[in-house]
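According to TrEMBL, the transmembrane segment annotation covers 38-63, 83-104, 125-150, 178-197, 231-253, 259-281, 293-310, 384-405.
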Amino acid sequence: MNYLGREWCKPAYFIHYANRGLTCGGLKAAILADVMQGLTMIAVSLAIIVQGCIEVGGFGAVFERNKNDGRLDFLNFNMDPTIRVTTTSALVGQLFMSLSIFGCQQNFVQRYCSMDSQKKVTKTLMYNIPVITVLFSLSWVVGMVVYATYATCDPYSSGYIEKFDEVLPFFVEDRFNYLPGILGLFMASLFNGALSLNVSNLNSLATVAFEDFLKPLPCLKGMTDKQQLNTIKGIGVLLGLVIMGISFGVGLLDGVIESSMLVTSATSGPLLGVFIMALLIPCANWKGASTGVIAGHLVTLWITFGRLTIEKPPTPHLPLSTEGCTNTSFNDHILKPEHQTSFWTITTTTPASINYTGNFSSDIINTTRAAPSDPLTQLYSITYMYYSLIGCFISILVGWTVSYFTGSERDLYDEELIHPIARKMADFFPGKKRRYEEKTLNKMPRNGSMIPSASVTNMERKCGSTNLAFTQDVPLEQMEVYRTKL
């Protein structure tokens, strides 16, 4: 799967690269792998839910146990930005992260550009809403079921797992021992999901890094197709090693989920800010966009690493109990020798700041507040859920300012790359009004005669807008033949 420019799968652009051996053949396979991965995740989640509900006594019992123990605190609209996760920070942070992921990231844009029309892209995204809702809902229900199963004998407090992230694989190993291979299927699903995502991202990163940063260098002019391909492969290997190193560092943090959310939030905001600038800021130019995205990344990375330098009070967790642990709490093949007796020594991990009385009401969960007298510590203590919001607005503010003072008459925009609604909205923002480039299509010779304007118009209507950089050296006959084959 190769990145061929801004609209790489349109027929008019595809022609130029057809003779160079670059194809879209792997895209269908990648999408099919993602579909199979999603179906496998749904199937495994349903199996876990069914198994847990049978053991606990039905979904009603699962719900009541989670409710009584304070696990269903969804509506927490506290506006304190230093609280780790609240309903407000989750909604705002996830909104900016999702806009950046689905609207700006290159691997998603590749899939959009491979479709025939914008209507199909819109329909696909609308169909994606219920699918994502089901996947997230199943994840919540799985967490409820696992907690209800281990409510009176927690494996983390008992020393069977070292991190909270390990509880789900432990549940599969513990409760599905009667189904040979189910743990392997579960772990294969996890690794396959990470592998398929990383392969797509690595390929995209390597190709974009070569096309945008290395290929324009004068010393790399005149490279053959084979040399370019080998260079892209080498870049992919280097990026893969970097990602592997980062993954080892992430493994040292408290939790994989929190770490991944932190990295995603810190890097997605500036990218979204650049796209918003291109849509709505009339005076935006490449100087402002470059400065803005760099400033956004620097600020978010500064806050991200700064939070590691401050001493914060430990995040209080909901109570976990081992009062009901017996030698039948877990399966025999994972039960520790010292736990072979009928009852274990009671060790309840209820924090002293929490008065656990059965019906649990928590107002301080996920709270990590900084010292109120130190503004810098307060800044470092901002929850990672707001990093995407901060990066986005820093990028827009800095980019807008730089663009305002560095604008020139040479700043021309491609009108077809901006939605009509965005063009109208941009008129309400201050700054120099946009100037759009005038497009003319050179008439290419056909059998010694010029192409009639009607033929060019018909070709544009069929293939979309034509980019002269890709089509000026391609005979029209080849373009029409290739379009028919597509």
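Note that Cβ sites are derived from N, Cα and C of the backbone, with glycine treated the same way.
Counted as Cβ pairs under 8 Å, contacts with the transmembrane segment (83-104) are highest for 384-405 among 125-150, 178-197, 384-405.
Simply put, out of 38-63, 125-150, 259-281, 384-405, 38-63 has the most Cβ pairs sitting under 8 Å from the transmembrane segment (178-197).
With a cut-off of 8 Å between Cβ atoms, the residues of this chain six or more beyond the transmembrane segment (259-281) that come close are 93, 96-97, 99-101, 103-105, 250, 253, 288-289, 292-293, 295-297, 300-301, 303-304, 384-396, 399-400, 403, 418-419, 422, 425-426, 429, 431.
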